[in-house]
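Asker: The structure under discussion is supplied below as structure tokens; questions concerning it will follow.
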Amino acid sequence: MMGYANMEQIASGIHFRLRARTFIVAEPQGNRVVFVNLDACMASQIVKIKVIERLKARYGDLYTEKNVAISGIHTHAGPGGYLQYVVYIVTSLGFVRQSFDALVDGIEKSVLQAHENLRPGSIFVNKGELLDASISRSPSAYLNNPASERGKYKYNVDKEMTLLKFVDDQWGPVGSFNWFATHGTSMSRTNSLISGDNKGAAARFMEDWFEQSNAGHSSADELVSEGIPRRVSDIISDFRNNHHELLELAASFQSPPGKAATKILSVARRVRGILREAEKPGFVSAFCQSNCGDVSPNVLGAFCIDSGLPCDFNHSTCGGKNEMCYGRGPGYPDEFESTRIIGERQFRKAVDLFNKASEKLEGKIDYRHSYLDFSQLEVTIPKQNGGSETVKTCPAAMGFAFAAGTTDGPGAFDFTQGDDKGNPFWRLVRDLLKKPDKEQINCQYPKPILLDTGEMKQPYDWAPSILPIQILQVGQLVILSVPGEFTTMAGRRLRDAVKTVVTTTGESNSNVHVVLAGLTNSYSQYVTTFEEYQVQRYEVSTWFIPPTCLSNYLPQLS
């Protein structure tokens, strides 16, 4: 499975199935954009390439890499082996053709359905705070950001959900997509069931809610109380010990009586109604990922499993060992219940925003796309004492903190977060694979290099260097498609930088909405702020230095 890099996490069944959900927005004779929300750990560049090939065979140049975005929800309970770089498929023992084909087939079918369902309609946008579905898993790194910058924000993670409501001119509401930052790690590193985790659960809840609301349910509360699946153990106590009683109880239930036939229930009326309903597009709800780099759904905090005490604040260790420190979800110790609860909380907020959405998206549809070699970019950055300097990025590398894992899924051996030194034994192991030269060590400083992935080419590239970045625009909504996991503050800086450019070009009004779609089109680990990078927590699994590159280049792309 993909996400925790745990070779022992082998799938044994299905919690619930994974989906690809797509919206297409098109001008009658103009531009169009496609956004695919994929129940997978992240997007894969090779998956997108194959999807675009298939779309091109069907539609020519209507859908290309430039106007199609494929974004992963970041579930850690999906299949692995579908990316093309060595470091991402080591724990799946290489490329897995079955996983790859399933993803490509599902995405293609989703886009085809969206294309066939294109109809005149409107899109509305709404925003609101969701306070109880996310916490910071690296608060010590966040605190290293400037106090003046932190003072602009109320929370150390983004609590805002941005939702789109799609309304068909004939049928009314037909879908919603929203962006909210929280990791897909409600299901633990020992889980063996395929699952969309909390975002996949939220999507199913909302689709069920809409279907049932048309059949008489009036609120999300009613669905939550009646329709959201719970574990059998929560409903029936000691069900293994009273099996015969339950059988007798089930046998005692009587079928409800039928209703007298009326004109409304006539066969002809029902047949016509069924045929009409068959034409109605199904309601599609997607819960998309955003800047979730340092954001956890395990909202009770991180505790030592041996003592029950909180983990060390700076290193997330227990007695110096990271393996004992685990985050606790709201349903602790039941990870299925935690998944349901975090999914339900996102679902409730989405329903509230959906019902109140009134701001209509108006204006042009546009897009920008570019490939950049992030291993050799020149970036101009400000100096502390004034002025500026030009610095250059370098090939990718992974630090010792990467191997420590996070409180959502600790690593092994003696690695710890916040390690800026490394140790001689693991350096010796590293050097057997690829010894970094002095220039690479200095460039990645203060990260001690554990794997010099950007310079490892056997049997083929271990890490990406050329990456796609993309912007989609629908009226006053701007979607930043980025190939990685931005931390909270890095995401804020990027959104602010793009918003400043967009609102000063004269092409958009001041009410522009900028959302960050993480893990989109490809994957390249994390993006932190420069200040967070100095602390060397897990999220400094950044490939390229300096970590301000995307913040500089996406505004230029806009």
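Each Cβ is built from the backbone N, Cα and C atoms, and glycine gets one as well.
Nobody curates TrEMBL annotations by hand; they come from automatic prediction.
According to TrEMBL, the active site, nucleophile annotation covers SER296. For HIS74, HIS183, GLU485, TYR526, the entry in TrEMBL reads Zn(2+) binding site. Annotation comment: TrEMBL describes 1-544 as domain 'Neutral/alkaline non-lysosomal ceramidase N-terminal'.
Tell me about the setting of these features in this model.
Answerer: Around the Cβ of SER296 (active site, nucleophile), the same chain contributes SER134, ILE135, SER136, ARG137, THR182, HIS183, THR185, GLY327, THR406, THR407, ASP408, each under 8 angstroms and 6 or more positions distant in sequence.
On the 0 to 100 pLDDT scale, the domain 'Neutral/alkaline non-lysosomal ceramidase N-terminal' (1-544) averages 90 in the predicted structure.
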Asker: Residues other than HIS74, HIS183, GLU485, TYR526 within 8 Å, Cβ to Cβ centroid, of the Zn(2+) site?
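Answerer: The surrounding set, listed in chain order, is GLN289, CYS292, GLY293, VAL295, GLY484, GLY518, LEU519.
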Asker: What same-chain residues, at least 6 away in sequence, bring their CB to under 8 Å of the CB of GLU485 (Zn(2+) binding site)?
Answerer: HIS74, ASN291, CYS292, GLY293, GLY518, LEU519, GLN525, TYR526, VAL527, GLU539
